[in-house]
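As structure tokens, the structure follows; a few thoughts come after it.
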Amino acid sequence: MKVAIYSNDGFTSKEVATQLKEKIDASEKLEYDGLNPQIVISVGGDGTLLSAFHHYRDAISKIRFVGIHTGHLGFYTDWRDYEVKELVDSLEDDNGQSVSYPLLSIKVQYTDGGPDDSFVALNESTLKRINGTMVTDIYIKDEFFEKFRGDGLCVSTPTGSTAYNKSVGGAIINPQLNAIQVSEMASINNRVFRTLGSPVIVPPDETITIVPDSPKHNILTCDQLLISDRPIKSISYSICNDRIYFAQYRHTHFWKRVSNSFIGVHEDD
Ligand code: NAP
């Protein structure tokens with residue numbers, strides 16, 4: 001089985017990556033292949049997993065991810081830095097087990113006459129405006145839904161629901177559900193202006209389209225990346241045809257993961 005390592009630059013991560021590489025090279029069942037891997041081991045935290053996802057985006061349907069965390073939050077990274085041997089043993093016994101989660105498709109049209117863009121996010125995409133209020137129309141399934149005024153909007157996957165989405169008051173969604181969510185950032189609500197004020201979760205056949213009143217001075221992100229500074233006509237969000245696959249050698253119940261990461265370790269852990 002072909003395995004790649006994608007590490008951040010931290011001291012511990014680099015040490016873990018070196019140990020992993022040595023064990024993979026010594027294994028008769030594993031082969032190191034950074035170009036066409038079947039398994040990608042990210043070493044760092046969730047941010048490193050996001051970077052690994054974007055690095056291997058074009059081959060995403062052929063890859064399963066595994067994460068080792070080295071002192072970060074590590075919400076989506078199942079293995080600790082002292083478990084390198086156990087992970088390599090599991091890789092050697094691999095029988096293709098995996099779990100897959102939905103991704104966010106982002107399609108952008110511009111007013112400059114140039115080509116449209118499309119992107120895929122593992123966590124979320126945000127549209128923000130820093131100088132002044134962002135004013136946009138929101139359509140759901142091509143029907144006008146509301147006019148939003150505020151700092152911005154965050155459209156997230158279930159995987160991303162525990163990231164930025166959580167900080168702006170979105171709901172946490174178990175990634176077994178095929179859905180996307182749009183959450184508000186500091187909406188203006190008074191006698192004159194009104195938004196729903198709640199996160200909205202839509203099913204797979206519904207597209208969320210955002211049409212900014214002003215094409216300029218908007219900031220569009222996809223996970224940790226700033227993706228466009230061109231004048232935006234509209235952005236359409238839907239569930240992507242591709243999914244992300246994780247090699248599931250151990251299973252942590254999603255809600256246990258949530259409570260361990262955000263509330264604290266239980267006495268019985
Ligand atoms: P960062 O600012 O270095 O890290 C943001 C934090 O979010 C880290 O603690 C990271 O965990 C955690 N995280 C990332 N994905 C997560 C997920 N799916 N569930 C739970 N926690 C998660 O930025 P980064 O490492 O480059 O990551 C980019 C992500 O940061 C964006 O996709 C966005 O979700 C998030 N972000 C959040 C805010 C906010 O909450 N106000 C603002 C900007 C961006 P690790 O420590 O394990 O890496």
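Placed from the backbone N, Cα and C atoms, the Cβ positions cover glycine too.
What TrEMBL says about this one:
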{"type": "BINDING", "residues": "Asp46, Gly47, Asn123, Glu124, Arg149, Asp151, Thr162, Ala163, Tyr164, Asn165, Lys166, Ser167, Ala186", "note": "NAD(+) binding site"}
{"type": "ACT_SITE", "residues": "Asp46", "note": "active site, proton acceptor"}
Using CB atoms and a 10 A radius, I'd like the single residue among the binding-site residues Asn123, Thr162 with the highest neighbour count. Asn123
Which of the binding-site residues Arg149, Lys166, Ala186 have a Cβ less than 6 Å from any atom of ligand 1? none
Max Cα-Cα distance in Å among Asp46, Gly47, Asn123, Glu124, Arg149, Asp151, Thr162, Ala163, Tyr164, Asn165, Lys166, Ser167, Ala186, the residues listed as binding NAD(+)? 31
Asp46 (NAD(+) binding site), number of other Cβ atoms within 10 Å: 23
Long-range neighbours only, meaning 6 or more apart in sequence with Cβ under 8 Å: which ones does Arg149 (NAD(+) binding site) have? Thr133, Met134, Val135, Ser187, Ile188, Phe193, Thr195
Using a 10 Å radius on the Cβ of Ala186 (NAD(+) binding site), the other Cβ atoms enclosed count 12
Work out the three-state DSSP category of Arg149 (NAD(+) binding site). strand
